[in-house]
Amino acid sequence: MYFHASILGLLLATSSSAIPITEANRRQLGSSINESDLTSGVACKAVTVIFARGTTEMGNVGSVAGPPFFAALATDIGAGNLAVQGVNYAADIPGFLEGGDPTGSSSMAALVSQAQTQCPSTKIVLSGYSQGGQLVHNTAKTLTSAQTAAVAAVVIFGDPDNGEAVGSIPSSNVLIICHAGDDICAHGDSILAPHLTYGQDASTAASFVAKLVGS
């Protein structure tokens, strides 16, 4: 019961109307629920974040954790040094219950491969929120040694696989952010209030990544 009631709350939290802004300050304000720098052919940047949104979130990066994180990171390392790519996947409840949507996990792995091939000098950051965290874990397990070496940092907000290693990525390069009282982080399936507030950790996440990418 808690799960379904809370899903409604999550939908309401992510459906607020957007205020038109210019392209120049869009990411700095954390206002977009879609990011496709890698697949749209934007010029390579020093850092590429590949992000998977949470269950029921809109767009390809959602609104709870992703956009605030991107905005904070753009401030820390410079917007001109940052590319962001969201993972296009269903982000539905069955995928969460399955341990992370398999198609989405494969798509995220493919984006890592594309980033490494398309922009060989970029430092890759894998990140996700809620079910998106499951995708990060699933993806990391499939990476080659060369792909793993290209991943400079991992940040997961509200991790359903909290306590598990992220593939063979060094733990010193991984930040798992879980709030007290978040049932998802306790391997449950109830979406409670603490699971919906990870935007407040954007600066912490950005600072962690900035140190690892050398900015």
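Each position is counted from 1, following the chain as shown.
Glycine residues also receive a Cβ, built from the backbone N, Cα and C atoms like all the rest.
The Cβ of S130 (active site, nucleophile) lies under 8 Å from the Cβ of R53, G54, T55, V64, F96, F157, G158, P160, I184, H195, each of these being in the same chain and 6 or more residues away along the sequence. Mapped onto three states, the DSSP output places S130 (active site, nucleophile) in coil. Residues annotated as active site, nucleophile in TrEMBL: S130.
For D182 (active site), the count of additional Cβ atoms within 10 Å of its Cβ stands at 25 [all protein chains shown]. Annotation comment: TrEMBL describes D182 as active site.
Neighbour count (other Cβ atoms within 10 Å of the Cβ, all protein chains): 25 for H195 (active site, proton donor/acceptor). For H195, the entry in TrEMBL reads active site, proton donor/acceptor.
Under 8 Å, Cβ to Cβ, and six or more positions away along its own chain, C44 (disulfide bond) finds A83, Q118, C119, S121, T122. According to TrEMBL, the feature disulfide bond maps to C44-C119 (among others).
If you look up TrEMBL, you'll see C178-C185 (among others) marked as disulfide bond. Within the same chain, residues at least 6 positions away in sequence whose Cβ sits under 8 Å from that of C185 (disulfide bond) are G158, D159, P160, N162, C178, H179, H195.
According to TrEMBL, the signal peptide annotation covers 1-18.
Neighbour count (other Cβ atoms within 10 Å of the Cβ, all protein chains): 21 for C119 (disulfide bond).
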